[in-house]
Amino acid sequence: MPHSDELDAGDVLAVENLNIAFMQEQHKIAAVRNLSFSLQRGETLAIVGESGSGKSVTALALMRLLEQAGGLVQCDKMLLQRRSREVIELSEQSAAQMRHVRGADMAMIFQEPMTSLNPVFTVGEQIAESIRLHQNASREEAMVEAKRMLDQVRIPEAQTILSRYPHQLSGGMRQRVMIAMALSCRPAVLIADEPTTALDVTIQAQILQLIKVLQKEMSMGVIFITHDMGVVAEIADRVLVMYQGEAVETGSVEQIFHAPQHPYTRALLAAVPQLGAMKGLDYPRRFPLISLEHPAKQEPPIEQKTVVDGEPVLRVRNLVSRFPLRSGLLNRVTREVHAVEKVSFDLWPGETLSLVGESGSGKSTTGWALLRLVESQGGEIIFNGQRIDTLSPGKLQALRRDIQFIFQDPYASLDPRQTIGDSILEPLRVHGLLPGKEAAARVAWLLERVGLLPEHAWRYPHEFSGGQRQRICIARALALNPKVIIADEAVSALDVSIRGQIINLLLDLQRDFGIAYLFISHDMAVVERISHRVAAMYLGQIVEIGPRRAVFENPQHPYTRKLLAAVPVAEPSRQRPQRVLLSDDLPSNIHLRGEEVAAVSLQCVGPGHYVAQPQSEYAFMRR
């Protein structure tokens, strides 16, 4: 039913008194209460707030995707102006009508592209499906349009990418595919739910710029859901702040950042880690915690002087890890991905060494190779004086009690059929460490330490938000009191307050138990806060390594400087350089089988500070 006279001039979407609830054990749990907002054509509205504040369920309610999940949605008004300029009431549309609205008039980019894309269909088939459905195009026409969309989101060799499957693409490429799919029918409204959270800083910067460019080209309204205030400053026109299911403040991006009125807004801004905040400091510092009574409750500046002198707990020498690529009629291995090439470093008890770099630089593969989750083709891995790269599977299992891994994707790390209490309890059972009652008490303690409740132990992974699932994975990794924890983007999906709590927890455990962390991250502000030393990886090799203060305050390698320059800053008035929208700034690390790559030569430029001399300056400085 048209409502053309009920939208204000320029508005493409208007919501009044939105209420969302879920039934749990015959009780109605309110998720969103009396939420009202509007969106103008060509405008970006950022919805910000912590995990559980109601941001994502609001987006799902607009897309009418909550009913099938048991959500109870009530709204006085939910008007959308379609591409045809017809205004419809979304709550009155049937399921069949909504299938035509989704994609054609409203589209959504989800937080986790790997779980949003169908693993059994090629990229081209998935984009073409939306085009055929909404534009009545033939298969051939849809594939031509799919290639054009991949070109539009700046994916090179689009024709080749069309025939690839999601698992064959990097995280940044998969997110661009999601954007191409969402924009393939030129929707009036795009909802982006944390689309850059898991991406490295350079790809994140390109994705943000890409959304702005395409928004201008299509005169599209954008709802951008995020907890990253630096991203908000870079992309938003207006900001809506949510807390416990309610809107507590709304205004222009300048008003929110320069004159916030609500205590929670001030607390959010004060808790944002600022790059450069650790200038002049040698050791990690705790994060300030969000508090409505004390907007940025600063804890005493306790220095983390936790590194133990003596022998390293972990020593890596000339680590090599490669993946075969098959081709030809005989399906022979003809090329190899040189993921990690002759990487060497030491890790001392009580130390945090951070690995930073772009997608495809070899950070995660290095972490996986240390636990033999992927095989290495060369080098030595020595833990507590014992070589572990040659251990039998039985001995390796016992060793994994002392080296634990926190993976990047929390949903894929948890068994959907197990309660989270059982998931945390599993490593204790496998190693036979605690009897039943003591183990249950340990689970309750771990849940509380990571900011959850003991009664959450009886719930399943799908009942938690992405940030909460990551906290569960961290609790499981801490269960065995390991000596080394490899954290692969462990806090990238968390909002600022929970991220601060988790980092502070990791620092407390490091201080109390001498745990060493290999911290893999793209969040340079967090890396600056938590690290004793930092190593920058490029094309599988370490190109700069040294004390955190030296690397951040005096970066020597062009690639390190590029990573630091790409970090979003929580200041909307700051002028940002325009970047070339490339799918990946890295040259290819795929080589013919048997071809050897020259190892970089690290030169000492300061105490403990080593840097490689770039062989080709332009390769590191592309923008």
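Every residue, even glycine, has its Cβ placed from backbone N, Cα and C.
Residues or ranges marked as ATP binding site in Swiss-Prot: 49-56, 357-364. For S51 (ATP binding site), the Cβ neighbour count at a 10 Å cut-off comes to 22, with all displayed protein chains included. Secondary structure at S51 (ATP binding site), as computed by DSSP, is coil.
Taken from Swiss-Prot, the feature domain 'ABC transporter 1' applies to 15-269.
What Swiss-Prot records for 314-564 is domain 'ABC transporter 2'. Looking just at the domain 'ABC transporter 2' (314-564), the mean pLDDT is 88.
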Of G49, G357 (the binding-site residues), the residue whose Cβ has the fewest other Cβ atoms within 10 Å: G49
Residues near S53 (ATP binding site) in space but at least six apart in sequence (CB under 8 A): M242, Y243, Q244, G245
Listed binding-site residues (S359, S361), ranked by Cβ neighbours within 10 Å, top entry: S361
